[in-house]
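Annotated in TrEMBL:
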type: ACT_SITE; residues: Asp14; note: active site, proton acceptor
type: ACT_SITE; residues: His42; note: active site, proton donor
type: ACT_SITE; residues: Lys141; note: active site
type: BINDING; residues: 13-19, 41-43, Arg306, 332-334, 414-416; note: GTP binding site
type: BINDING; residues: Asp14, Gly41; note: Mg(2+) binding site
type: BINDING; residues: Asp14, Glu15, Gly16, Lys17, Asn39, Ala40, Gly41, His42, Thr130, Arg144, Gln225, Thr240, Arg304; note: IMP binding site
type: BINDING; residues: Ser300, Thr301, Thr302, Gly303, Arg304, Lys305, Arg306; note: substrate binding site
Amino acid sequence: MKKNIVILGTQWGDEGKGKIVDYLSRNSDYVVRYHGGHNAGHTLVVNQKKIVLHLVPSGVLHANVIGIISNGVVISLSNLVEEIKMLEENRFFVKKRLFISNSASLILPFHIAIDIAREKKLGSNSIGTTGRGIGPAYEDKIARRSIRVGDLRNEKTLSIKLEKIVDYYNNQLVSIYQSQPFDYKIILQDLLKSKNVINDMIKDTTMILNSAIKNKKIIIFEGAQGSLLDIDHGTYPYVTSSNSTIGGVITGTGIGPKNLDYILGVTKCYSTRVGNGPFPTELHDDIDMYLSKKGNEFGSTTGRKRRTGWLDAVALRHSVKINSLSALCITKLDVFDNLKEVKICIAYQDIKTSEIYTSASFDELENMKPIYKKYPGWMKKTLGIKKIENLPIAAKNYIKSIEKIAGIPIDIISTGPDRNDTIIIKHPFL
Ligand code: GDP
Ligand code: IMO
Ligand code: MG
């Protein structure tokens, strides 16, 4: 039996990770968010009820699961408190089974203000961030000036640190961006208010996880964003500010790599991207309109329309390689149900030199044009199908082709947003 599994996105995020984490976590003891922040939006649908989580791990809808927000995450306490409240209003009581790392860095209001102000100043060259302060918060972490969750324990030193950092940001906000300065005393009051809600959840999560491993507990590590948004391996600079690829699990939790038994790459059967940056298979036609509508491709966090395109196998192979994926989960197969023909980009052609590439450098995609292979559509409903043998032949052939092109097995297929619209070919825990 496999114990510890990682579930991460292979594309530019929104692959359906939340749904799959929710589905698989019924068999797990712990679910861990290990990087990113409330830029993530993970949608879970259970009995037609939709819950969108941004910070709290997607396993917590199962009452037996312990949720962990580990050291690699950047946390906006006010958003976390709001999310816990939302969960309680929906009768998911998580306060006694959610732990937050004392060494996670905080996202504070000035991070958000500077993120938004910078993007505005960049104009058409902006990254298209979610405006959640993610980049500035990670900058502070690397610059060793973060306020961390553990700092909440000592009001006096917290106040001194906060005054210093607010001063640092106010200088920039006022002189460079002509924005309003922040009053550190107000931020301090808000932090202390939030602290009252989460105080008992603050823990050394590295110790908890390592002892869970020792006690042979089952742990799911829930990725946010997608591999192509990784700060090192993505389409830099149009990326997020953390490692959304496999390394993020190790640094973001403090468990060793030998403890990971299985790494599942979640992949939509087409591609989407929110925000700016290269996207070789992007569509600007009727198919884009169709995918947007049928796939409901609007951001779970910002509500922005997601850019859409065909599945990019060059990008997929990149993700398989850099994450050493064990298997894939293909999501949103049902979105193709009304298409006569579907395509996969199997290689890129450099528009300047006409050279053809089956692998590429992901910080140099601007000149790459997709080369497609066409597949017949199935024009039948797959929504809700729960067994592989019940899929239309053309859908099975399409799945087989992805498997061949990616070079790893497809263990799970998702045929709808609901938790139960899932086909298990090989269960990760078996
Ligand atoms: P995440 O960020 O990777 O967790 O994905 P999001 O929740 O941001 O976006 C995925 C969207 O697709 C959500 O609205 C899900 O409810 C929905 N979804 C997930 N799997 C499927 C599927 O197989 N079919 C359809 N139609 N929708 C799906
Ligand atoms: P989930 O976990 C899709 C994108 C933003 C922007 C870039 C940088 O739901 O898959 P940031 O605010 O992180 O500095 O923005 O990254 N982005 C996401 N796109 N899904 C996400 O998360 C994303 N999180 C960030 O749109 O292009
Ligand atoms: Mg999302």
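Just so you know, glycine gets a Cβ as well, placed from its N, Cα and C.
Just so you know, TrEMBL annotations are computer predictions that nobody has curated.
Location within the structure of each feature annotated in TrEMBL.
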residue : record                 : DSSP class
Gly16   : GTP binding site       : coil
Asn39   : IMP binding site       : coil
Lys141  : active site            : helix
Gln225  : IMP binding site       : coil
Thr301  : substrate binding site : coil
Leu333  : GTP binding site       : helix
Thr415  : GTP binding site       : coil
The residue listed as 'active site, proton donor' and Arg306 (substrate binding site), distance between Cα atoms, whole Å: 15
Binding-site residues close to ligand 1 - of Asn39, Thr301, Gly303, Arg304, Lys305, only those whose C-beta is under 6 Å away: none
Neighbour count (Cβ, 10 Å) for Gly303 (substrate binding site): 9
Recorded positions near Thr130 (IMP binding site), in sequence order, restricted to Gly16, His42, Leu333 and a 10 Å Cα cut-off: none
Distance, Thr302 (substrate binding site) to Asn39 (IMP binding site) (CA atoms, angstrom): 9
Spatial separation of Gln225 (IMP binding site) from Gly13 (GTP binding site) - C-alpha basis, Å: 4
For the residue listed as 'active site', nearby residues of its own chain (Cβ under 8 Å, 6 or more apart in sequence): Val74, Ser105
Neighbouring binding-site residues, C-alpha within 10 angstroms of His42 (active site, proton donor) - of Thr302, Gly303, Lys305: none
Distance-selected recorded positions near ligand 3 (C-beta under 6 Å), from Asp14, Lys19, Lys141, Ser300: Asp14, Ser300
Asp14, Gly41, Ser300, Thr301, Thr415 screened against Gln225 (IMP binding site), Cα within 10 Å - retained recorded positions: Asp14, Gly41
Diameter of the IMP binding set by C-alpha atoms, the set being Asp14, Glu15, Gly16, Lys17, Asn39, Ala40, Gly41, His42, Thr130, Arg144, Gln225, Thr240, Arg304, in angstrom: 34
Close-lying binding-site residues around ligand 2 among Thr302, Gly303, Arg306, where CB distance stays under 6 Å: none
